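Colleague: A single structure is presented below for examination.
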Amino acid sequence: MNNASLANLLHEERRFAPPAALAADANVTADAYEKADADRLGFWAEQARRLSWAVAPTETLDWSDPPFASWFADGKLNVAYNCVDRHVENGLGDRVALHFEGEPGDSRSITYAELQREVVKAANALTELGVHAGDRVAIYLPMIPEAVIAMLACARLGAPHSVVFGGFSAEAVAARIQDADAKLVITADGGYRRGKPSALKPAIDRAVTKCPTVEHVLVVRRTGGPTVWHGGRDVWWHDIVDRQSETHTPEAFPAEHPLFILYTSGTTGKPKGILHTTGGYLTQVSYTHHAVFDLKPETDVYWCTADVGWVTGHSYITYGPLSNGATQVLYEGTPDTPHQGRFWEIVEKYGVTILYTAPTAIRTFMKWGDHIPAEYDLSSLRVLGSVGEPINPEAWVWYREHIGGGRCPIVDTWWQTETGAMMLSPLPGVTATKPGSAQLPLPGISATVVDDDANEVPDGAGGYLVLTEPWPSMLRTIWGDDQRYLDTYWSRFEGKYFAGDGAKKDEDGDIWLLGRVDDVMLVSGHNISTTEVESALVSHPAVAEAAVVGANDPTTGQAICAFVILRGTASESDALAEELRTHVAGELGPIAKPKRILTVTALPTTRSGKIMRRLLRDVAENRALGDVSTLTDASVMDLIQAALPTAPDED
Ligand code: 6R9
């Protein structure tokens, strides 16, 4: 980022107090901050007691060999027991754990008692297939109940899982299976995507030819499509799981036993296997799910729209909600199949009270138009969450008005695969929220914004987001590569975890995320955040979504190039492009005025909904495209390139 610190250009005046009724009955109140400030480790030890331990920990944190942490190291517990069995033992067996909604419209509700039977039988089946504690299992499934069941069965046996997103290619799966030396792969014949069955097993068949450690492939029948079979290696889930015993005694594992590996692609090099362990991880996902969503498990219906192949699905579909005994919706498909009101139809059908989704989805709903959610009864909703990218203030306000009916608090939760659980977020019963800001570290979390020399920046200034104290759900290392763990996260600022994100503190000391520092633009000596320019563009009524990049420029170093998607009613013209440039200059100052504005119909996003600005930079600089393998839809890049003028505009 050079030495100039990141500019603070965007100013937001709107504030929304927590609803009085929610605040009066909130799970977590303002005193949690005071308690955690007074005794951070005591605070986390108390949260750990929300779980059921076979052996209660007497130690909290061992930080004698930083940055290698041990949390609750002398405690023992079983994660699946905590997420399933204990609720059944507490008399909650008839409570629905999962309302599964398949894309073709099939649905199935699974109670905690049923979930327990399924997890137990799956664990017994894995044992029959030779899986022991410590063995790695790769999971490559669509969003079906078996994905959650398979994760819990692995956790029950102490066999770390590596969930690979069901859209990744055979090569990507093979690299992940090889890196973890997985012994078993759990997949399905296929899943449903945009109204059509889409096969999954062929990718595993190709991948496994390069993975000698894989002994068996366990296959869930989802679509019933034709499936090539490798006798001796392949086993149908229903053949082996259905005939298993319904009893299984969960073994308690030490708190630092590995729970899962999840690969993050990063921008370059081989994927990093982020390692999470048992006790600290479950403590923090469980606490944050309870605190940030104010979950009332007796009455709430919770829905996280993420895929289980992403960390949000691990922490806020499988482990956090189930550890809290939540009732939740699990949806297989896309938001526009078979129609653009599908999400709202599901909210209405199940009476969803808490919705957790990504800014990219919210901006897409804005683009489709206000009239679509207006056709459904969304009055059950009471808390809305956002995760994955900075949420532009205008998208936040749209979410609040058009989905939340102006009454639901929005929690903008900042965290990463590496942090395992939420780190920065408002609390819905405490915080007066500000559109676009994740605001402040959760109780027990220490974060700040520093400059290049690791000095904390004053209020009103920008820099780098760092975490200054270890936290229970932190990654423990990169699988098989401690040195890379040190180099990637702990070497930029001594003694601090560097998250890779730019951030600023506003005049009140609240934190705003400004995008990945790799994407920051350097224009005439000023570091300008992609997020702020994008937010300024989205604040214009004609714009639904925007992505900006810095493209090489002979005079200014980099020039701001903006790709915009217009709202349903707006149409492209030179006059509009000029109006948008002027609008940004008015909002943020002339330094942030985009040099080029290009109208597109779609933006390249990853499977977890993040805009891939690196590819847009390739387009803006007329280069061949880099790696597109993690894109949701690679044909988007063809559309963008086809829509571009052959030579850059000169102005
Ligand atoms: C949970 C998840 C992590 C990166 C992170 C940041 C971005 C996530 C955000 C956010 C601004 C938020 N990010 N949540 N930026 N505000 N509320 O997304 O994990 O896939 O590992 O991505 O996502 O850039 O560093 P992961």
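Cβ from N, Cα, C; glycine included.
Dumping what TrEMBL says about this protein:
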- 31-83: domain 'Acetyl-coenzyme A synthetase N-terminal' (DOMAIN)
- 91-471: domain 'AMP-dependent synthetase/ligase' (DOMAIN)
- R193, R194, G195, K196, T312, S524: CoA binding site (BINDING)
- G388, E389, P390, D412, T413, W414, W415, Q416, T417, D501, R516: ATP binding site (BINDING)
- 532-610: domain 'AMP-binding enzyme C-terminal' (DOMAIN)
- V538, H540, V543: Mg(2+) binding site (BINDING)
- K610: N6-acetyllysine (MOD_RES)
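Map the listed features onto the structure and describe their local environment.
Modeller: Residue counts for the domain 'Acetyl-coenzyme A synthetase N-terminal' (31-83) under DSSP, helix first, then strand, then coil, are 22 helix, 12 strand, 19 coil.
DSSP assigns S524 (CoA binding site) to coil in the three-state reduction, placing it in neither a helix nor a strand.
Annotation for G388 (ATP binding site): same-chain Cβ neighbours under 8 Å, separated by at least 6 residues, are A306, T312, A358, P359, T360, S608, G609, K610.
Residue counts for the domain 'AMP-binding enzyme C-terminal' (532-610) under DSSP (helix as H, G, I; strand as E, B; rest coil) come to 25 helix, 27 strand, 27 coil.
Applying an 8 A CB threshold to same-chain residues 6+ apart, the list for V538 (Mg(2+) binding site) reads R363, N392, P393, E394, A395, A544, E545, A546.
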Colleague: Relative to the Cβ of W415 (ATP binding site), which residues of the same chain, six or more apart in sequence, are found under 8 Å away?
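Modeller: Within the chain, W415 (ATP binding site) has Cβ neighbours under 8 Å at V387, A421, M422, M423, L424.
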Colleague: Would you list the other residues of this chain near Mg(2+) - those whose C-beta lies within 8 angstroms of the C-beta centroid of V538, H540, V543 - in sequence order?
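Modeller: Everything else in range on the chain: E394, A536, L537, S539, P541, A542, A544, A546, V564, L580, H583.
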Colleague: Report the member of K196, H540 (the binding-site residues) whose C-beta atom has the most other C-beta atoms within 10 angstroms.
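Modeller: Compared across K196, H540, the most Cβ atoms within 10 Å surround H540.
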Colleague: Which Cβ among the recorded positions (R193, R194, K610) has the fewest C-beta neighbours inside 10 Å?
Modeller: R194
Colleague: Counting across all protein chains present, how many other Cβ atoms fall within 10 Å of the Cβ of G195 (CoA binding site)?
Modeller: 12
Colleague: Which secondary structure state does DSSP assign to R194 (CoA binding site), in the simple three-class scheme?
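Modeller: Note: R194 (CoA binding site) is coil by DSSP, not helix or strand.
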